[in-house]
Amino acid sequence: MTKGTSSFGKRRNKTHTLCRRCGRSSYHIQKSKCAQCGYPAAKLRSYHWSVKAKRRKTTGTGRMRHLKIVRRRFRNGFKEGKPTPKKAVASS
């Protein structure tokens, strides 16, 4: 048996299928682990040696439905309640 080019044509079973968390076809069926996001691990798979991959998946690349509101509130000092009434200017 050879282990090179001729044996690659005989491979016909899928090793990976769709991942439920990241949606990529990186979920290894026998290992029961995603090669992309690390599912079923609680934390997302990310490494410092792949800076470009971190840039693709980091905070700010998606909707940020809640965080963009928090960012705006942070700039204004997390003000709450009614706005302060304007002081009447005395005309002289």
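Glycine is treated like the rest: Cβ placed from N, Cα and C.
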Segment assigned the feature zinc finger in Swiss-Prot (from 19-37, 38-56): 19-37
Lowest local Cβ density (other Cβ within 10 Å) among binding-site residues: C22, C34, C37: C22
For the Zn(2+) site built from C19, C22, C34, C37, further residues of that chain with CB within 8 A of the site's CB center: R20, R21, G23, R24, S26, Y27, A35, Q36, G38, Y39, R45
Beyond the flanks of the zinc finger (19-37) by 6 or more, those residues with Cβ under 8 Å of it: 44-45
All-chain count of other Cβ atoms within 10 Å of C19 (Zn(2+) binding site): 20
